[in-house]
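Structure first, then comments.
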Amino acid sequence: MWKRSKVTDQTAAGQTGIKKKSKVPGVMITQFVEELPEGMSTPDFTRKPIALTIQQGKCAVFKAIVVGTPTPTVTWGRANGEIHFHPDVCMQKYDEISREHTIEFPKVAPEDADTYKCFATNEYGRAVCTVALNVIQVGFSKTKELQKTQVEDTKDVRKNLKKRKDDGTREEKQMEPEEKVWEILLSAEKKDYERICAEYGIKDFRHMLKKLTEMKKEREEEIAEFVTHISTLKHIEVNDDDCATIELDMDLKDPSSKLFLYKNGVMVPFTTEESESMKHNLKQVGKKYVFTIKNLGSEDAGLYSVDVGGINVFSTDFKVPEVDFAVKIQEVKAEERQDALFQCVLTAPTNELKWLGKSTPLSNSEKFEITVSEDKLIHKLIVRDCMPLDAGIYAAVAGIKSCNAWLVVEADKDSASKGKKPTRKTTMAGGGNDEDLMAIAKEQQEIYQKKMDEKMEVAKKAQAEREAAEAISKVEGEAAKKAAAEEKAAAKAAAKAKAAAKAKAKKAAAAEDAAAGKKRAAAGGAGASVGAGGEGAAGAGGADAVGEGVEGEGEKGGKRKKRVRKGPLVPDTVIDPGVHFHAGLSDCKAIIGEAAELECKVNREDCEGLWYKDGEEIQSSEDITISKDGTFHRLKIHKVTEEFAGKYKFEADGRKTESLIVVEDPPRFPAKELEAFKNPVTVKKGHKAAFKLPYFGREPIKIQWYLDGEELSEEATIKLDYSEGCSSLLLTKLQRKDSGEVKMKLKNEFGTVEAISQLIVLDKPTPPMGPLEIVEASSSTIDFKWRPPKDSGGCKIDNYILERQQVGRNTWKKVGPIGAEAKYKDSDVDHGRRYCYRIRVETEMGTSEVMETEDIQAGTKAYPGPPSSPKVLTAYKDCINLSWSPPSETGGTNILGYNLEKRKKGSNLWGAVNPPDQMIKGKGCGVKDVVEGMEYEFRVSAINNSGAGEFSTPSEFVFARDPKKPPGKVIDFKVTDSTYTTLSLSWTKPKIIEGVEDEAKGYFVEIRPAESTDWDRCNSNAITMTTYTVKGLKSMGMYWVRAVGTNDGGEGETQELDNYILATPPPVRPRFTDAKMKSFMVVRAGNSARFTINFEASPWPEVIWLKDGSPVPKKVTISNAEGTSQLLIPSAERSDTGIYTIIVKNIVAQESFSIEIRVTDEPKPPGPVETDENVPGTVTISWTPSPDEKRDDRLHYMVTKRDSSKSTWHTIADRIFNNRFTLCNIMPGREYQFRVYAKNDMGSSKHSESQKWLIPSKREKFTVSMPETKPCDLQCPPKFLVPLKMHTAPQGYECYMSCAIKGDPTPHVTWLRNNISLNTNTNYFISNTCGVCSLLILRVGSKDVGEYKIVAENSLGRAECSTKLTVRE
């Protein structure tokens, strides 16, 4: 399946494309058109080139197979520089049999190593894939070299990413593109790798993945040093409040680790507090860290990186598209269960918007439908089945721009549906005129296209300048190269001449030596002969070359000389062949009977060449024209036939280029017959229709017939005929419903073609359509209309035929044909009679069935409805002018006039203004019969042929007096109260000056922001009160305010405040509102310390925290909100101990409060414990101090003991602040053991225990002395040792009362509630155990409230004790 991308980009000059993904990995397809025609397709690769790593000097070949309709053109390119096509360097080929496109490097060189691109292009799109060619120089090991390169690349990239200062921050410099792309890839998801590589030009995807895996592994190890866990990495998101956020969850090993934010490698300052002045903000909630970028602009685009302790943990690329809202979304008011529509128009095409509903992202679902127009400019959001819960703010975000609006859902007010779910409504609320939106979108499209064209022109101009500069430099280089070659050739020619002269001299010397030798031989009489190595003829060196034999000895010892060649075997200079192709021949598909053309371009105009077909030379003829136009050579075939298919070649000066002409024969129709076929065929019902059309094209051809889109097959009424070169369709017994489009479709291996005609079947018309519309039904006329028939039978309507029947009679009277207009006015009627009509339609095909109307009464007594309430235009002391609107219900006849009545205020009687026989003709009247100073109201009724209708509702009361004067200025206009969003005003009524300023009936309040010049009216209707509260102000905003009085005479002069007003509450001195605030806090080391202060102050105060009089450390987090401030110490340490002071100050005063926070931990135990007896009968316990004694000034000691007489430990001393304690009253003979504990605010340490200690006892003689006994009298009156206590118990809970009583003899105890004895009440459990008296109530209720008394009596006296019980609900 094709996967359509959501991104459009520039694919060619002035051409926009849609990116698609191929089935073959690594292939990117760009579609040039929105929708592909049937049978057409974009190019694609079925086999893409494979990357090669090859040794220098070997042959390298890339092969590719492409598909597409029409056949794509294949070209090759490279990333760096251009490909130079030359038989010795690089050749491009195409194999027709295997359909392979190849590019071949006969002998690869190191400079051929590069990334190559293969492009397949046709008119509907382009496909591109990349392939790498790696060249290994001779002497290198392929595997080791590649591994070494990859390792070095990875190390270099990581080294660049790791460049840091000593404090862990990065170097202050912009990131290089290579550093940027690797940082993006390290934080990106796998599905985005391919897009990022394509964007930044990374070709070797496999190598990138291997390098990225190594970098990720190393980065995870580095992050593990600072972070325990990291998750939920959210890339940058734009919100509807003009902010963008970056979110990540991480658990830091050291909470004090520093966090850094970078943009494109440059550190960005940020604050941890809410501040309007700082653009970047960090908010931490638990383990979640949220970076916020405020007031977004185009300059905020870039790569944002988050570092912890000098290690990068997350990066995200923020792109800002150039888009804005041309039309923003508007507020929508919808009824319950109605659909709501939000729509907007953008300034640039955007695939999708980010829609938010109540700050929650929205997507397509049953509830929400998001649509985009074809031009990507109009975006719509439909909220289905609105309920009150759906009301709120909805927002649209495009890039960094956003807009929002309210959705107001009005609940169903129908009392009948209360308790039931309202019915679903099919209407749509919101939206506007679609034509206006389309016009705005079209205008924005033109503006956007104009901008893109301007950018394209600038790019083309820059490209042309670059190409011109490259051409100039190329020409200069070639000139310099040519000059150097000429100098080199001249030098070689001089050297050659010098060598020739030298060789000639040697030759002459050798000849002389030979002649001398002959003379000597002849003189000596000995026969000597020249050896085989003697003088030789000219060798391969040419006519000028002189050779010498290899040195040797002849029969007589003669020497043979070496042959010397004059000049080199191969010329030192290579002559440029002079001709090469700028553009070769391309394969061509030709249709039989049409023209075809081949074209190529060479580098010189004086070049002549030859054309060949299948190896045989061809010349111009009647069917073929060969032409030359400058550097272009063309071969044109005027009318293609099968014999022209084959391989064509153009050869010039030893260079050649080849291509194929493939002859196709798609199905086609003759033009004349096709035009005749398109004419509609009209037949009558029951008749037959025939369609016939010849065709031509290569067989086999598939023929299909369609009627209204449905394919036809042989049936009783359908006959299909297929003959050679022709097909026909015969339809019999046609009905009216068979009318429609007739289509013939042909298809073969080369394409598809269609021919379309229309079939019209004529029939009788259907009856006219109701309902009947009665225009007038008076005593003399009945005028009515109806609707034309649904189907006129395919013919024009000639007449409507009417018949009339008077209700009560059996006969019908023929009115006759009335024409083709669907209305009739019957003037031949009797008043009060009822009539019925029959209507038929008449066409050339016949007459329709009848439509019978309902009964219509002539002259019905239909009275008009009430007109509108009379409106007072002007009022004077002797005349009041009125106007009104006619009634919406006229009673079926024209309105003849009106009756007008008046009534004084306080009276119940209405009086006629006009006489009964003189109706008012117009829609207004001036009433002159009025008394000055009296107050009147008026009503009006309409009159038609039936009579006067109902009266209208009365008008407003109006005085019969001259117009009033506008009121004067309000008095004592002032501000009584203000808040951050409201402003309360008051004033006194203006003075009344007779004839100049009248009384004010109401008032308007107007407000103007200081930065604006326009006044806005706060109340749309005049208020009668002299106070008003303005709402919806901007906090700390500056406003001008004024008030104006109004009455019937108009508005008076405005009264403005003397000075502007700030939207702020009245000044309030800072005050802490907490009833009880701690002044001391103990925190265990490692835990967090949190302290919250609540306060009130106005205006908004400045809050400052100090520690021991200095600013708090950076690790301390301060969070300020309205009326509260919080101090947070994460992971507190002992060094955080101190006195923290909060200072709240504003323009009125300042207030401060201090709290001592002590950070400590359970103390370490003291050292060894020693005992010593310095004084007889005492023991001194001493111990080594605890290690924490120096760090904790509140540390003290506790001593416990245990002796041999008891097994339990008892505390004998506490809060000892030294290291010694003396215990007295030591009993001799007992063993003692002591334990010492160190204590502080967090608790006690483990104990340090002493050795057992004993004072030996001196045994003495035991004597017993018996004391004298005296009789003891223990009798006493009752007495309360422990009295009753007050009790307050929750309702439903138990209550227990008890006291202790002493007395002898044992006293009698009585319990009473409200002086009533309870001793016999079973609802109370009473007990008396050894003088402890108790009363138990199992479930306390309101009935148990009261005074409880206990009375103890014996023979010696009486005692009482009482208490009260209250019950808390």
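From the backbone N, Cα and C atoms, a Cβ is placed for every residue, glycine too.
TrEMBL labels come from automatic prediction, so no person has curated them.
When the ranges 38-74, 223-259, 445-481, 926-962 are checked against TrEMBL, the one recorded as coiled coil is 445-481.
Ranges compared are 1160-1187, 1244-1271, and TrEMBL records region 'Disordered' for 1160-1187.
Among the ranges 414-433, 614-633, the one that TrEMBL lists as region 'Disordered' is 414-433. Within the chain carrying the region 'Disordered' (1160-1187), a Cβ under 8 angstroms from the stretch's Cβ atoms is held by residues 1082-1086, 1134, 1137, 1194-1195, 1197, 1199, 1219-1226, 1232, 1234-1251, 1253, 1255, all 6 or more beyond its ends. Across the domain 'Fibronectin type-III' (966-1067), DSSP assigns 0 helix, 50 strand, 52 coil.
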